[in-house]
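S.K.: Below you will find the structure I want to go over with you.
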Amino acid sequence: MTNIQKTHPLLKIVNNAFIDLPTPSNISSWWNFGSLLGICLILQILTGLFLAMHYTADTTTAFSSVTHICRDVNYGWIIRYMHANGASMFFICLFMHVGRGLYYGSYTYTETWNIGVILPFATMATAFMGYVLPWGQMSFWGATVITNLLSAIPYIGTNLVEWIWGGFSVDKATLTRFFAFHFIFPFIIAALAMVHLLFLHETGSNNPTGVSSDADKIPFHPYYTIKDILGALLLILALMILVLFSPDLLGDPDNYTPANPLNTPPHIKPEWYFLFAYAILRSIPNKLGGVLALVLSILILILMPLLHTSKQRSMMFRPISQCLFWILVADLLTLTWIGGQPVEHPYIIIGQLASIMYFLLILVLMPMASTIENNLLKW
């Protein structure tokens, strides 16, 4: 009798992707984050679905409906905080996953990488629109400030902003459309993730050495399924500790004040996972320049395959590049810190230096280090 998982048209796809997939025998825990991102996405879609059952996308009742979810709905508070903090876990996994790709040279799989660069953009757009929905002070002013950035686009900017707003300010029309988009986007992300996986399975996974592992492959199940389950348990443990002990740790207290267009909060800042990009935006005095730098801070990842000058794929045996990589990580942490600080001395100059350093590292120093390492190999 033939095995149904190998003959059934649907099960065959699942089998080839998650069970009999030939996988390098030496991939480390840094390769867990792909599956963790999948778990995060499923968790966000499920909790979001239950929240949408009780939420009303109207300026007069949105804030009250979120309060109602937390106070009156059965386990509404846990669903709400799992959704809010689940976004933070999602971005932690996303940053780790991208960092792994940079460190081990996974970007040489260009199709997989390019879809993988579109995914953070889609995720950031979704998270931004979701942050607007509770209709607190930071929701309203965050939406106003960030959408207003589009007005920096020459000629069509102002019309574009008013078109997105659905009026002359952030109002009911804006909230309704943001809710609609926030609902549909995770499914677009899921579709993109499937394409991402499709391209990955054309080439097979990379591994820490960056050398072809065709001679040494093992089946994905049971070896990596059990490893992924461990990662998933640790992820859920971290999420539940956050949700049950300090659910508001990563939130902004201003968002517990209902939105008021007549009263601007002293410091408008986005959620922590946008702060590095926000710091880059603020470090440039020109509005259009800032917006371009903001977009380029993530879009620059598209150039990674072109900027790869090393004869080796992975950074495993490249100490100079390793050093620069960890400086880049420290630089991003600095930018994240600066993004949450007020615009005053010395934060302005630190932010500007960190922003210059960010682009300098990726565009100049890392390719130079690779060239130096290539020459050192000749000795």
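Just so it is clear, glycine is given a Cβ too, placed from its N, Cα and C backbone atoms.
Checked Swiss-Prot, it gives:
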BINDING   His83, His182  heme b b562 binding site
BINDING   His97, His196  heme b b566 binding site
BINDING   His201  ubiquinone binding site
TRANSMEM  33-53  transmembrane segment
TRANSMEM  77-98  transmembrane segment
TRANSMEM  113-133  transmembrane segment
TRANSMEM  178-198  transmembrane segment
TRANSMEM  226-246  transmembrane segment
TRANSMEM  288-308  transmembrane segment
TRANSMEM  320-340  transmembrane segment
TRANSMEM  347-367  transmembrane segment
S.K.: Which stretch from 33-53, 77-98, 113-133, 320-340 shares the most C-beta pairs under 8 Å with the transmembrane segment (347-367)?
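M.R.: The listed stretch sharing the most Cβ pairs with the transmembrane segment (347-367) is 320-340.
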S.K.: Say you check the Cα of His97 (heme b b566 binding site) against those of the binding-site residues His83, His182, His201; which is nearest?
M.R.: His201
S.K.: Taking contact to mean three or more C-beta pairs under 8 angstroms, with sequence separation of 6 or more, is the transmembrane segment (178-198) in contact with the transmembrane segment (226-246)?
M.R.: no
S.K.: Compile a sequence-ordered list of residues in the same chain as the residue listed as 'ubiquinone binding site', six or more apart from it, whose Cβ lies below 8 A from its Cβ; state 'none' when nothing qualifies.
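M.R.: Long-range Cβ contacts: Asn16, Ala17, Leu21.
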S.K.: List every residue in the same chain as His182 (heme b b562 binding site), at least 6 positions away in sequence, whose Cβ is under 8 Å from its Cβ.
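M.R.: Once residues fewer than 6 apart are set aside, His182 (heme b b562 binding site) is near Gly48, Thr126, Met129, Gly130, Leu133.
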S.K.: Just how many other Cβ atoms lie inside 10 Å of the Cβ on His83 (heme b b562 binding site)?
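M.R.: The answer is 21.
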S.K.: Around His196 (heme b b566 binding site), which residues of its chain at least 6 apart sit with Cβ under 8 Å of its Cβ?
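M.R.: For His196 (heme b b566 binding site), the qualifying residues are Thr112, Ile115, Gly116, Leu119.
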S.K.: Is it possible to get the count of other C-beta atoms within 10 angstroms of the C-beta of His97 (heme b b566 binding site)?
M.R.: 20
